[in-house]
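Trainee: First the structure, then my questions, so here it is.
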């Protein structure tokens, strides 16, 4: 079987390239030095750990520019402590880029959270799981499914289940990020020599409401003074 070296250009892809060219021209017209400055390096102060969902592009929903936000996204905005991809992003963000705020951002109407709810309900009723635990997606969602099983959803109205999972997931991922050596190290450095001005790193939990376009702070922020709590 031979592979084409030049696949046909779809209308969708052509429109993306065309839109990119127009955007670049527009930015050049209004900010002639912008791309030249971007080429010299980056120094964002925010790391966004969010969901891969196409409806929550972090730069768009925060009206940010390229270079403002360092980003890691995955299914259901999780931070697994054995995930080298997430850990390497966090390490690079804190130790090299100089990020000061780590945001864990979940969202309403989350497909990953909904799949975990279905899986937890199936497990409770001894029914076949909607996602096989032996697949990459099943293994990835397994910690969130286990979390769902601890939330006591049976005592809550059914219409609140998904939002409860989304918020609980964000809070759990905040805990996970705070448990990493890189965050503990940043906090220890900030609490070291008080005679020197130290960079403080904070971890926050937010939820994006797909229906309104608004971000909500869950009030679970943690910083250097919270170390050891």
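Every residue number used here counts from 1 along the chain in the order it is shown.
Backbone N, Cα and C define each Cβ position, glycine as well.
Among the features that TrEMBL reports, Zn(2+) binding site is placed at 51, 53, 107, 110.
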Trainee: Among all protein chains shown, how many Cβ atoms are found within 10 Å of the Cβ of residue 53 (Zn(2+) binding site), not counting that one?
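Mentor: Around residue 53 (Zn(2+) binding site), other Cβ atoms within 10 Å: 19.
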Trainee: Around the Zn(2+) site formed by 51, 53, 107, 110, which additional residues qualify by having Cβ within 8 Å of the site's Cβ center?
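Mentor: Everything else in range on the chain: 50, 52, 55, 56, 76, 77, 106, 108, 109, 111, 112, 113, 166, 208, 210.
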Trainee: Looking only at Cβ atoms, how many others are within 10 Å of the one on residue 110 (Zn(2+) binding site)?
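Mentor: Step by step: centre on the Cβ of residue 110 (Zn(2+) binding site), count other Cβ atoms within 10 Å, giving 27.
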Trainee: Under a criterion of Cβ-Cβ distance under 8 Å and sequence separation of at least 6, what residues of the same chain contact residue 107 (Zn(2+) binding site)?
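Mentor: Correct list: 50, 51, 53, 55, 56, 77, 166, 207, 208, 209, 210.
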